[in-house]
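Everything on this sheet refers to the single structure shown next.
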Ligand SMILES: CC(=O)N[C@H]1[C@@H](OP(=O)(O)OP(=O)(O)OC[C@H]2O[C@@H](n3ccc(=O)[nH]c3=O)[C@H](O)[C@@H]2O)O[C@H](CO)[C@@H](O)[C@@H]1O
Ligand SMILES: C=C(OP(=O)(O)O)C(=O)O
């Protein structure tokens, strides 16, 4: 296992370019299964989760060619449906969250699919009901084998339907959309998720010949077509990486320019960091964050303590709340962080408290941060990364802290952040990759 050794307290400086979006990539890559024609995809991040999905597509029979560092072509002409029965599929399919999204396209094109209960972060219950209830509404039958933790889905004839989702699930909406594009008749999905990931997916499907309207809203209408063709698609920059870099700059008093961010697609993200008092400027399509000694958290208009909470798009993404939390520890003022979606994502605050941060974990969903206005620095410690975003938050804390920190289990971070140590070293960070297991206690 690998770990990062970080010597903190060093100001960073320079430019950094965000990778392509991880969560978009997982949807877009699954969509290549919808056509036997060639699909060319660029700005694919070179990260563990995405590479695992590409490998899985290859195992299923998709012809995968790497054109350059971030561009691949995919041709799903000869799909091997027997692969579902193999032990390899059981092992690899369960290795990441995104693998669940191969079900919709396989169902649409071949009338059957199977998937082991998918992996991803252990951040609380992560139900898949939305996906399977949606498939059922389209006429599919599914069986969940709880002993093997395996879902089998069959549908000889998918039929368009009205589907009111009980929650705006991101991967659930993507899965149902991909099943519905080749169903007979019209499907309406209300309370659909509409994150940029999904907007990108729907735009790509339309370029392939699908008929989806309402893109960007929570009401999607999909007129089924009989066949889809090839296309080209470029992934947006990863908005979670962009937010992470804004937070990192503020915590480490660094002057950083984040290049080519597709600013108009960032929704409320820049505004939420501004509410923490962080100065950031839009310069063309870049974000410039000046070096700031102090930043002060806003209050609500009536003077009461600010709450930052997650909600489905266009609300604030839950994937940036851990970053906001860590950045608030060094701000002036107080904030209540309310993680509404996931119930085990805030436990990592223990490590920040060990580093000297003033945080009260009110319950599994809420933490109050008492920002210390940099009166003292956090101190470096050894810690283990519990999930991808907590991992990066701890990395940011370590970069700002006095002394040395070691972060174990960095495979979690590398699930979603490409060459992060190399890219941070280019900004002047002292971060070293070492081979070390987390101490067992
Ligand atoms: C691979 C991928 O794309 N992963 C993302 C995707 O996961 P994923 O698609 O798995 O997450 P969902 O959108 O299904 O839901 C996430 C959690 O939020 C809850 N929930 C969801 C919608 C809602 O209106 N109310 C509500 O409480 C769900 O019960 C669940 O516990 O979306 C999450 C929510 O943005 C992100 O954290 C993940 O990074
Ligand atoms: C929770 C996340 O990912 P996943 O859904 O793949 O676990 C994330 O990207 O923050």
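For all residues, glycine too, the Cβ spot is worked out from N, Cα and C.
Feature annotations, reproduced from TrEMBL:
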DOMAIN    7-421  domain 'Enolpyruvate transferase'
BINDING   22, 23  phosphoenolpyruvate binding site
BINDING   97, 319, 341  UDP-N-acetyl-alpha-D-glucosamine binding site
ACT_SITE  121  active site, proton donor
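In the three-state DSSP scheme, residue 97 (UDP-N-acetyl-alpha-D-glucosamine binding site) is classed as helix. Around residue 319 (UDP-N-acetyl-alpha-D-glucosamine binding site), the C-beta neighbours below 8 angstroms that are at least 6 residues distant in the chain are 23, 240, 389. Most Cβ neighbours within 10 Å among the binding-site residues 22, 97: this distinction goes to 22. Mean pLDDT for the domain 'Enolpyruvate transferase' (7-421) in this predicted model: 95. Across the recorded positions listed here (23, 121, 341), the residue whose Cβ sits among the most other Cβ atoms within 10 Å is 23. Distance noted between the C-alpha atoms of residue 97 (UDP-N-acetyl-alpha-D-glucosamine binding site) and residue 22 (phosphoenolpyruvate binding site) is 11 Å.
Under DSSP, residue 121 (active site, proton donor) is assigned to coil, being neither helix nor strand in the three-state scheme.
Separation of the C-alpha atoms of residue 22 (phosphoenolpyruvate binding site) and residue 121 (active site, proton donor): 14 Å, rounded to the nearest whole number.
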